[in-house]
Amino acid sequence: MPVSRMMMESNTMAKEMAVRHHLLPGSPRRRTAHNLSSSSLRKSSDASLLHKVPCAALRSLLANLNDVLLTTRLFLLFPAVLLAIAATYLHFGQVWVFVLSLIGLVPLAERLSFLTEQIAFYTGPTVGGLLNATFGNVTEVIIALLALREGKIEVVKCSLLGSILSNLLLVLGTSLFLAGIANLRAHQPYDTKQAHVNTALLMLAVLCHSLPLMLRYAVTSGDHAIVSGDAALHLSRACSILMLIAYLAYLFFQLNTHRQLFEPQQVEDDDDDDLVIAQDDEPVLGFSSAMIWLALMTLLTALLSGYVVSTIEAASESWELSVSFISIILLPIVGNAAEHAGAVIFALKNKMDITLGVSLGSATQISMFVVPVSVIVAWTMGIPMDLDFNLLETGSLFLAILVTAFTLQEGESHYLKGLILVLCYAVISVCFFVIRRRSAGGTDGVHHLDVIV
């Protein structure tokens, strides 16, 4: 069956399946903070010209292209995807490939969120929630797996650490600061219950990172000479399994027993119709169409992520920046730009629960799911990746979680809290800017640091 015909028949079934799942307008549908954040970057597209196309199959195909490619404010960045592929095959400079690939990942990440939400219309709330949880940080997962395949453990660790720090300090800090300025005379309350759950899980994560680090120092100092040199690696693998168990319990807690804690308040009507996300309650793609597009977007994301991983050293040498700085600072900022922008937009509208759900939810997912999955996948590949992220990285993570927890304990925000978080991120960024690692691979477990003078 031709793809265009499949898409056309799939779209005719969309409304029937939506009725079956009680998801037509007028009936409530649970939407996570990630859904709402990504939706803030979507826009309506004029499809009136499509009605003049005589062929029904072609009209359906063009309608799908319109719904997937033109209903996002980031559609102008899609040419970067093709340019990155062309730059690779035409043997342009690797730095150009790196930059174009990073830019191309921005709209792809937003479209992956859109497509998983479309599929969730037909799968019900539980499976839809699992889909959103799985694809919420798919870019980080793909980059981590591809870097593991090339043995670049330092890139894996630094990129995941950078995503956590970026969500906790930069995204949340920017959102709180701009929300405080935009709503200077208004109260900015938020529900602390969700924040407490996420910070507790983040503290568990930093404990699992700290123990292998302390064990390595204990072994090298001779305090526990009876302990084998691989003890930290074995401990990391055990901790990773326990972290995944904790994450599964967190999903059950979030999607079943205490889902009311994670449901953002309904977005009220605003003057800007593009931000009325609560009205977006009807699928625009059929199930088959959404699955096809999801597979295509995932393949493109994997392709560009591979370009990023293979060219990061060239960018590091060209820009005279350490690989750790690019991985911790630049990759997370660009890779999650769409989601971060959505969090800031809702903060400006004083929808702080959505902003917290995006920033804390992403940090929790990366620390409790993506990181342990990376360790276990490396285990199956025979790669000795552990949870020892080195003293500087682990200390930065612990302090970031601590500052965030203290900032959110009152249940009300103002711009000074946001400014403090942003400045904390700036201090950490400067710290990683002034250091260089002598061993870029990081596969031997020994890391020497040089300070840029």
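Every residue, even glycine, has its Cβ placed from backbone N, Cα and C.
Looking only at the topological domain 'Cytoplasmic' (1-67), the predicted model's pLDDT averages out at 56. Summarising the annotation, Swiss-Prot assigns topological domain 'Cytoplasmic' to 1-67 (among others) and lists sequence analysis as the type of evidence.
Residues or ranges marked as transmembrane segment in Swiss-Prot (evidence: sequence analysis): 68-85 (among others). Packing against the transmembrane segment (68-85) from elsewhere in the chain are residues 41-45, 97, 100-101, 103-104, 106-108, 110-111, 114-115, 284-285, 293, 300, 303-304, 307, 338: each is 6 or more residues past its ends and has a CB under 8 Å from a CB in it.
Long-range Cβ contacts of the topological domain 'Extracellular' (86-91) within its own chain (Cβ-Cβ under 8 Å, at least 6 residues beyond either end) map to 97, 100, 307. Residues or ranges marked as topological domain 'Extracellular' in Swiss-Prot (evidence: sequence analysis): 86-91 (among others).
For 92-109 (among others), the entry in Swiss-Prot reads transmembrane segment, with the evidence type sequence analysis.
Per Swiss-Prot, topological domain 'Cytoplasmic' is recorded for 110-126 (among others), and the stated evidence type is sequence analysis.
Positions annotated as transmembrane segment by Swiss-Prot: 127-147 (among others). Beyond the transmembrane segment (127-147), the same-chain residues lying 6 or more positions past its ends with a Cβ under 8 Å from any Cβ of the stretch are 30, 32, 34-35, 105, 108-109, 112-113, 116-117, 119-121, 153, 155-156, 159-160, 163, 251, 254-255, 298, 301-302, 305-306, 308-309, 331, 335-336, 361-362, 365-366, 369-370, 373-374, 377.
Summarising the annotation, Swiss-Prot assigns region 'Cation selection' to 136-171 (among others) and lists sequence analysis as the type of evidence.
What Swiss-Prot lists as topological domain 'Extracellular' is 148-160 (among others). Helix, strand and coil content of the topological domain 'Extracellular' (148-160), in residues and according to DSSP, is 10 helix, 0 strand, 3 coil.
Feature annotation from Swiss-Prot assigns transmembrane segment to 161-181 (among others). Listed as Cβ neighbours of the transmembrane segment (161-181) (distance under 8 Å, sequence separation of 6 or more from its ends, same chain) are residues 137, 140, 188, 202, 327-329, 331-333, 335-336, 340, 343-344, 346-348, 350, 352, 355-356, 358-360, 362-363, 366-367, 370, 389, 393, 396-397, 400-401, 403-404, 407, 413-425, 428.
Positions annotated as topological domain 'Cytoplasmic' by Swiss-Prot: 182-194 (among others).
According to Swiss-Prot, the transmembrane segment annotation covers 195-215 (among others).
For 216-232 (among others), the entry in Swiss-Prot reads topological domain 'Extracellular'.
Residues annotated as transmembrane segment in Swiss-Prot: 233-253 (among others).
Annotation comment: Swiss-Prot describes 254-283 (among others) as topological domain 'Cytoplasmic'.
Per Swiss-Prot, transmembrane segment is recorded for 284-304 (among others), and the stated evidence type is sequence analysis.
Feature annotation from Swiss-Prot assigns topological domain 'Extracellular' to 305-327 (among others); the stated evidence is sequence analysis. Counting only same-chain residues 6+ beyond the ends of the topological domain 'Extracellular' (305-327), those with a CB under 8 A from a CB of the stretch are 84, 88, 93-95, 97-99, 101-102, 105, 139, 142-143, 146-147, 150, 152, 154-155, 158-159, 162, 429, 432-433, 435-437, 440.
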Stretch among 195-215, 233-253, 328-348, 365-385 sharing the most Cβ pairs under 8 Å with the transmembrane segment (415-435): 328-348
Considering the transmembrane segment (195-215), which listed stretch of 92-109, 233-253, 328-348, 389-409 counts the most C-beta pairs under 8 Å: 389-409
Leading stretch by Cβ pairs under 8 Å, where the reference is the transmembrane segment (328-348) and the options are 92-109, 233-253, 365-385: 92-109
The topological domain 'Cytoplasmic' (182-194) - residue tally per DSSP class, helix then strand then coil: 4 helix, 1 strand, 8 coil
